[in-house]
Amino acid sequence: MLQIADTTFTSRLFTGTGKFATPTLMLEALQASGSQLVTMAMKRVDLRGGNDAILAPLQQLGVRLLPNTSGAKTAAEAVFAARLAREALGTHWVKLEIHPDVKYLLPDPIETLKAAEILVKEGFVVLPYCGADPVLCKRLEEAGCAAVMPLGAPIGSNRGLRTRDFLEIIIEQARVPVVVDAGIGAPSHALEAMELGADAVLVNTAIAVARDPVQMARAFRLALEAGELARQAGLGSSQRNAVASSPLTAFLSQTGETL
């Protein structure tokens, strides 16, 4: 079980809604993933009350919606988007994203912290997308964020846990859930994050652009389950030198045989 704010999740796979070929395919993949928390960009939602091709299927699916502020370049823009989401969708949960750099989509740490402090004071459950910076993650935690979401690699890059060393520190120090977000491109990456001690991962591109998104969603679901089981079982410590599982020295000395 994973507890974030007032909600308990049985799935540790969080998913996104972008890049799917069709809304139907998106819905099928999300169902196959078993995800209970789905993020969506407010800029892609029809707030005029029409038949929204993204929002309506998600509401039918019964998952918790996590509107994000993707597209915001400043704290002020992100706060405005979060307030709009709360008014339109009736949720006080928000994934805080502020990335003014359009090439690498790296989060702005200063604006992110500034927006987080404002939104927490307004009663939002804030899950900030941020760089894998242990100091920043601790500051976001102290500001009242319900979780932190450090990147594994740039958004959509599918490059895996390029920030592994820093993720280890973040996980070690965190007193709130750590959700590895961005860069996870294969089920093995998600498994690695769980073995590191992450509480969950968020995956979008790797599922949406797969040749078979539904099967890929199932693969990620199984990887997360395997990673959690492995962590609960207790992974063996790594060794620099070889350690034989069945020492043969005594056995050979007792035989007394020579060639």
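Glycine too: its Cβ is placed from the backbone N, Cα and C atoms.
What Swiss-Prot annotates here:
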type	residues	note
ACT_SITE	K95	active site, schiff-base intermediate with DXP
BINDING	G156, A182, G183, N204, T205	1-deoxy-D-xylulose 5-phosphate binding site
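Features per Swiss-Prot, on structure.
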residue	record	CB count, 10 Å
K95	active site, schiff-base intermediate with DXP	27
G156	1-deoxy-D-xylulose 5-phosphate binding site	17
A182	1-deoxy-D-xylulose 5-phosphate binding site	29
G183	1-deoxy-D-xylulose 5-phosphate binding site	24
N204	1-deoxy-D-xylulose 5-phosphate binding site	21
T205	1-deoxy-D-xylulose 5-phosphate binding site	18
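Closest to the residue listed as 'active site, schiff-base intermediate with DXP' by Cα-Cα distance, out of the binding-site residues G156, G183, N204, is N204. DSSP assigns N204 (1-deoxy-D-xylulose 5-phosphate binding site) to coil, not to a helix or a strand. Close to the recorded 1-deoxy-D-xylulose 5-phosphate site, the chain also has G16, A153, P154, I155, S157, N158, D181, I184, G185, V203, A206: residues not among G156, A182, G183, N204, T205 whose Cβ is within 8 Å of the site's Cβ mean position. In this structure, the residue listed as 'active site, schiff-base intermediate with DXP' is part of a beta strand by DSSP. G156 (1-deoxy-D-xylulose 5-phosphate binding site) falls within neither a helix nor a strand when secondary structure is assigned with DSSP, and so counts as coil.
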